[in-house]
There are 2 protein chains.
Amino acid sequence: MGGTLPLAEYLLARLKQLNIGAIHGVPGDYNLTLLDYVEPAGLLWVGSVNELNAGYATDGYARIKGMGALITTFGVGELSAINAIAGAFAERAAVVHIVGVPPRHMTATRANIHHTLGDGDYDHFRSMAAHVTVAQANLSDPRTVPQQIDATLLQCLIHSRPVYIQVPVDVVSVHVDATALSNPLVVPDMIFGTGQRRGVQEIADRIHSAKRPVILIDGETAGLGITDLVAQLVNVTQWPTFTLGTSNGLVDATLPHVYGIYHGAYASQRHQDMMAEADLVLHFGPHLSSTNTSGFTAIPERSKTISFTHGEVQVGDKEIHRDLPARVALSELLHGLEDKKLAGIATKEETNDGVEEAVAAERPDLSSFRDVSLNDAIRQKELWRLLATFLRPGDIVMAETGTAAYGARHMSLPKNARLLVPMTWLSIGYMLPASQGVALAQRELSKTKPTSTESDSGRTILVIGDGSFQLTVQELATISHHRLNVVIIVLNNQGYTIERCIHNKEASYNDITAWRNLLAPRFFGAEEDVYTASARTYQDLERVLRDEQLSHGQTLRMVEVFLDRFDAPSGPLQDMINKQA
Amino acid sequence: MGGTLPLAEYLLARLKQLNIGAIHGVPGDYNLTLLDYVEPAGLLWVGSVNELNAGYATDGYARIKGMGALITTFGVGELSAINAIAGAFAERAAVVHIVGVPPRHMTATRANIHHTLGDGDYDHFRSMAAHVTVAQANLSDPRTVPQQIDATLLQCLIHSRPVYIQVPVDVVSVHVDATALSNPLVVPDMIFGTGQRRGVQEIADRIHSAKRPVILIDGETAGLGITDLVAQLVNVTQWPTFTLGTSNGLVDATLPHVYGIYHGAYASQRHQDMMAEADLVLHFGPHLSSTNTSGFTAIPERSKTISFTHGEVQVGDKEIHRDLPARVALSELLHGLEDKKLAGIATKEETNDGVEEAVAAERPDLSSFRDVSLNDAIRQKELWRLLATFLRPGDIVMAETGTAAYGARHMSLPKNARLLVPMTWLSIGYMLPASQGVALAQRELSKTKPTSTESDSGRTILVIGDGSFQLTVQELATISHHRLNVVIIVLNNQGYTIERCIHNKEASYNDITAWRNLLAPRFFGAEEDVYTASARTYQDLERVLRDEQLSHGQTLRMVEVFLDRFDAPSGPLQDMINKQA
């Protein structure tokens with residue numbers, strides 16, 4: 001490419017090279033000139049309704065496309081988004097947070113201007129962002145701008161975590177060296193030395209000697225960029241495979257040796273036995289928070305586990321092979337695996353008292369409306385398996401923190417469907433804006449794929465409690481405006497039922513103000529004929545789920561499901577609320 | 001009082017002693033047990049729709065009542081609110097931010113639990129808060145809890161800026177020493193020494209020798225807690241008095257020697273001459289940001305100015321008398337002033353070529369609907385003076401960042417009415433939730449006052465652009481739920497007109513999604529008969545403003561005023577957009 005071009009063009013070109021097709025954000029006077037460059041760069045500008053929503057949407061987009069970018073303004077804008085950035089850090093979404101900041105002459109003179117704290121210190125917000133981003137850059141010297149941008153984006157790629165870039169408004173159009181743009185930005189190869197070779201050999205040996213192996217696909221697998229390689233491994237080995245709630249759908253859940261979600265202490269006895277009796281667990285993308293591991297009970301025993309992470313592989317409880325990222329290790333392993341040495345289903349059957357059905361994966365069956373009394377009020381115990389009948393290949397199901405995230409783990413997924421549930425950050429209000437970003441990413445991806453057999457594949461289905469719905473509800477306007485294919489299912493249980501389960505279920509602070517939820521599309525400017533429906537009984541639910549307008553619509557649709565305020569899905573929440581009674 | 005009581009009771013009792021009647025916030029599992037204590041302590045719990053809104057509402061409440069308190073949960077909750085806390089810091093609102101944090105055994109073991117970043121570091125969020133609060137405390141040792149609470153709240157009182165208190169969920173009910181509660185928490189007296197006496201004498205000398213003095217009441221005057229004393233001074237001296245936009249209504253604007261807002265370079269020639277010719281400016285609560293001072297042009301010349309701030313008084317350009325807070329200095333001065341030595345209006349007339357009308361304050365007149373063509377579309381040039389006819393004594397008018405904040409400065413205020421406009425932080429979305437807090441504070445105050453002659457005094461009137469309206473719109477549900485007396489006037493100009501004035505007025509990124517704004521009350525659960533109306537012409541506007549339901553309603557009312565997308569109030573914004581044309 002060579003030559004020079006304006007800073008903004010360099011930055012946006014890099015983002016585009018990294019597969020970003022849309023940028024989220026909110027205008028503010030320190031970023032307006034930067035925004036002038038967005039659409040000319042061939043990027044879609046998605047003006048969100050506020051910065052927190054924009055941050056959440058970017059996170060959702062990044063989880064599907066691999067990376068996303070957000071533009072806010074100094075102080076007021078960036079701080080509104082910082083909770084979303086923290087969530088992307090905690091759960092590894094590659095979000096590039098670009099902040100338009102005051103011109104350099106004001107920073108230099110410590111001028112007392114708007115969007116500052118009035119103390120002349122322009123570095124507060126960068127310092128705050130440093131807690132929740134893996135790299136920060138202030139693009140104030142045009143000579144170093146290309147290198148700063150590249151170095152910062154590289155950290156974002158490597159860690160799949162947010163980075164922070166300040167663009168002073170007076171350098172947006174200043175020319176910078178464009179030479180580096182000729183080469184796409186890629187993570188440099190890890191140079192293979194003795195350590196790495198020894199590591200891969202050790203892992204291969206453990207794999208080849210395993211008699212009762214299990215594969216456990218965990219929540220950071222997508223962030224590691226190894227979903228494809230793990231799928232290969234699952235196919236090659238045919239080994240029993242589990243996911244956690246946060247990784248459901250990263251592997252074809254309809255394969256016979258894929259057992260679905262491992263719930264730790266809440267798993268079936270058979271699943272618990274399989275884990276207990278395993279002599280090797282290949283654990284990809286471990287994310288060991290209490291909420292992701294059924295209160296630490298789904299973590300496999302360290303001594304028999306090989307963990308694959310961003311930077312290293314740990315074998316058992318002794319050795320950590322550093323500088324051996326999951327992707328590197330797994331590529332090498334897949335080349336070197338010797339089929340005949342692998343413990344197989346056949347082998348396992350022979351050594352395992354020959355009960356054939358023991359090798360078929362046990363999955364929650366889809367429920368049928370024939371199994372319930374149609375006039376009964378809907379209960380969470382049945383709801384999730386009934387909702388699962390609505391799913392199609394290609395869907396992305398999102399279940400918000402609250403009873404939804406717990407309940408959704410009871411849903412069987414069709415092939416190529418994916419479930420997104422919160423792992424650790426658990427910020428209520430996240431999922432609705434995130435569904436905007438997810439649906440946008442889904443639409444972009446569908447354009448690059450060969451035409452699907454489904455005329456209307458790629459739905460984003462958001463299930464969200466009425467409490468969480470309220471926090472960020474206005475992002476529904478953006479979903480509608482961009483005509484995204486999103487089904488929103490609001491669970492109306494009059495408040496924060498998950499909190500009722502945790503403590504003092506009758507406390508009024510867990511109630512919310514009662515809204516007319518189904519008016520949302522009209523209020524937020526959607527066309528008058530947007531599909532909305534409500535369901536109180538199973539009969540209602542069946543009618544709604546079978547409605548063509550709901551299932552095959554192409555834009556926003558919305559369903560309100562009424563539930564009892566104390567009703568929780570089977571499992572830990574139901575146990576907790578029962579103990580209070 | 002003596003004895004002991006649970007930590008939560010101590011903390012809440014202190015807040016109540018400090019005149020706090022309501023606490024805002026959002027429940028989360030690390031604060032639920034703390035919330036159990038709120039209503040038993042005799043405090044109203046106001047569950048906001050999200051934490052940013054709760055923070056903004058608390059800021060509004062604090063600006064009227066002197067102090068407010070907010071409860072959020074660790075990580076997700078507090079970070080959502082941090083932009084509001086930063087605003088309270090920048091503009092001096094005394095907000096106590098209480099955060100429910102994980103139990104001490106989890107902190108001690110660096111457990112990987114939800115609402116953390118997963119790195120075992122529990123101190124990230126306190127570190128971030130330290131940038132925007134004047135004191136922080138973690139209440140983890142019951143022996144020091146009373147002292148920590150008192151010390152932290154004292155900083156909040158002294159600086160009129162936010163403080164941050166972490167309450168681990170496992171110490172909420174632990175007993176602490178209650179002895180200190182017997183004494184109300186007050187700012188200790190400043191011990192008067194030679195320095196202070198010399199300072200007060202110097203100020204008094206300057207006051208007594210002034211020939212052409214001016215009083216300038218600035219935006220931090222309310223935060224200094226000297227509004228009453230400044231009013232006394234204005235009455236005693238009868239000196240020409242100006243406010244800035246941010247302090248309008250802190251002094252009786254109907255007094256003949258009160259000249260209204262000083263607009264610096266945008267002020268009338270006469271006002272500019274008065275400032276230029278003054279030989280002394282008493283400047284109370286200076287807040288010298290560009291946005292508060294018409295781009296630094298309303299700042300009086302240093303050498304003839306005496307500035308009264310939180311900790312000190314600066315006389316001219318040489319001497320700063322430290323440890324002489326505004327309130328202390330002003331109390332002393334008011335005792336020692338000698339009327340006969342004061343430059344008076346009479347004196348001024350004699351020395352000022354005897355033109356009598358020169359001493360009558362020049363204020364924008366109220367406009368009348370007789371002055372406009374009733375069928376014309378409403379324009380900002382006339383709008384503000386017409387809206388001013390709607391105001392009554394006791395009203396609090398709030399004008400959001402955007403064209404509203406500029407336009408509202410053209411409104412004449414009746415006696416005892418107050419105008420709140422943003423000073424420096426200028427975070428769009430602030431004003432709607434803040435109006436909830438303001439209205440709540442107003443209602444609390446009205447209960448302690450002798451009955452007013454107006455049957456329905458104390459309206460909160462929010463004027464807000466349609467862009468800003470969208471960011472935090474759902475707080476309207478809380479306004480409605482608590483039956484607060486709020487009139488919301490939405491200026492529909494299809495987006496961010498203030499940004500259009502600043503740069504590239506045609507840019508589509510300044511457009512917003514088109515909502516059906518007047519559906520808001522219904523969507524957010526208000527009663528079906530809530531008053532809503534729209535106005536496109538002056539005739540519409542006159543009809544609406546004269547409607548009894550609007551003017552004398554007691555709960556939420558809403559008006560949508562349609563304006564051209566490029567229409568801005570006379571002054572800097574209009575100049576900017578004209579320059580683009």
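Using N, Cα and C of the backbone, Cβ positions are placed for all residues, glycine too.
Here TrEMBL flags A:7-114 as domain 'Thiamine pyrophosphate enzyme N-terminal TPP-binding'. Note on the domain 'Thiamine pyrophosphate enzyme N-terminal TPP-binding' (A:7-114): mean pLDDT across this stretch is 97.
Here TrEMBL flags A:200-318 as domain 'Thiamine pyrophosphate enzyme central'.
Residues or ranges marked as domain 'Thiamine pyrophosphate enzyme TPP-binding' in TrEMBL: A:404-511.
Taking a C-beta cut-off of under 8 angstroms and a sequence separation of 6 or more, A:ASP466 (Mg(2+) binding site) has the following same-chain neighbours: A:VAL490, A:LEU491, A:ASN492, A:ASN493, A:GLN494, A:GLY495, A:ILE512, A:TRP515, A:ASN517. Per TrEMBL, Mg(2+) binding site is recorded for A:ASP466, A:ASN493, A:GLY495.
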Remaining residues near the recorded Mg(2+) site, that is with C-beta within 8 Å of the centroid of the site residues A:ASP466, A:ASN493, A:GLY495: A:GLY465, A:GLY467, A:LEU491, A:ASN492, A:GLN494, A:TYR496, A:THR497, A:ILE512, A:LEU563, A:ARG565
Other CB atoms within 10 A, centred on A:ASN493 (Mg(2+) binding site): 24
Where A:ASP466 (Mg(2+) binding site) sits in the secondary structure, as DSSP reduces it to three classes: helix
